[in-house]
Amino acid sequence: MPLLDIRNLTIEFKTSEGWVKAVDRVSMTLSEGEIRGLVGESGSGKSLIAKAICGVAKDNWRVTADRMRFDDIDLLRLSSRERRKLVGHNVSMIFQEPQSCLDPSERVGRQLMQNIPAWTYKGRWWQRLGWRKRRAIELLHRVGIKDHKDAMRSFPYELTDGECQKVMIAIALANQPRLLIADEPTNSMEPTTQAQIFRLLTRLNQNSNTTILLISHDLQMLSQWADKINVLYCGQTVETAPSKDLVTMPHHPYTQALIRAIPDFGSAMPHKSRLNTLPGAIPLLEQLPIGCRLGPRCPYAQRECIITPRLTGAKNHLYACHFPLNMERE
């Protein structure tokens with residue numbers, strides 16, 4: 001039984017010109033202990049999917065789905081109070097730019113202690129304060145912060161971006177989640193710090209069997225850490241496959257374009273040579289093309305592309321394209 005099962009998730013925004021689809025019929029199934037990657041350009045709907053899973057929706061949103069089940073519990077049939085309790089006990093989310101998520105006027109130790117849920121405590125009520133402090137120290141050690149005294153006394157601006165992100169991960173782990181959503185957790189960080197954060201998340205997955213949903217725009221990075229990757233373009237899933245298969249045998253032109261856009265530092269490039277990019281720009285949500293949304297930019301587009309392609313293929317490798325690539329190699 002999957003931990004999270006989503007079928008045909010659609011998210012719409014209400015604007016002055018009517019309803020606009022930001023996410024269109026996205027499906028996803030996450031198993032217990034899996035690391036799933038969600039990759040796409042800015043505006044492809046990655047963060048919206050994460051917020052829909054957590055139940056964080058604004059008043060001008062309309063979220064619909066054929067199925068949205070967490071541990072075989074239908075999230076769509078729960079009241080807001082019941083869903084908040086279920087998500088609060090089982091799901092945590094790590095946001096990008098950790099320093100903007102922490103209170104700059106409060107010491108890190110106090111913020112961490114305040115975010116430890118009371119329901120995780122099993123002892124006497126008068127021992128709760130001492131337990132919170134010990135639990136906060138344990139969480140800091142767990143995420144790789146050895147000098148807990150200095151970290152707990154510090155304000156967020158006194159820590160580096162990597163240390164702040166480790167504190168955010170410690171806060172996310174305080175409720176012992178079964179699903180951890182990391183929304184670009186290493187954005188604008190140095191490569192060494194990025195590797196530390198991803199090694200930490202992988203270790204948490206291996207030791208605690210925590211399911212992790214990694215959201216990023218960096219396909220090369222996701223392919224190193226995720227078991228399976230979903231590729232999004234303009235709010236639609238264009239390809240889903242295990243990481244190794246996706247990188248070595250992409251079937252969708254957009255996935256191929258993402259792979260070709262990764263710079264190759266192993267070979268010299270001619271002077272003033274162009275990088276591999278798709279022509280044109282991402283269409284506006286109010287002016288989406290007919291049929292395949294990549295059609296106007298796709299080098300392989302043909303007349304049939306005015307018909308919207310459906311996700312097809314084998315069970316482990318799905319693609320939404322009328323003229324898939326690399327089919328002769330299978």
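The backbone N, Cα and C atoms fix where each Cβ goes, and this holds for glycine too.
According to Swiss-Prot, the features are:
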type	residues	note
DOMAIN	6-259	domain 'ABC transporter'
BINDING	G40, E41, S42, G43, S44, G45, K46, S47	ATP binding site
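Ranking the binding-site residues S42, S47 by how many other Cβ atoms lie within 10 angstroms of each Cβ puts S42 at the bottom. Most buried of the binding-site residues G43, G45, judged by other Cβ atoms within 10 Å, is G45.
Computed over the domain 'ABC transporter' (6-259), the whole-number mean pLDDT of the model equals 89. Within 10 Å of its Cβ, the residue among the binding-site residues G40, E41, S44, K46 with the fewest other Cβ atoms is E41. For the recorded ATP site, residues G40, E41, S42, G43, S44, G45, K46, S47 set the reference point as the centre of their Cβ atoms, and the other residues of that chain within 8 Å of it by Cβ are H217, L232.
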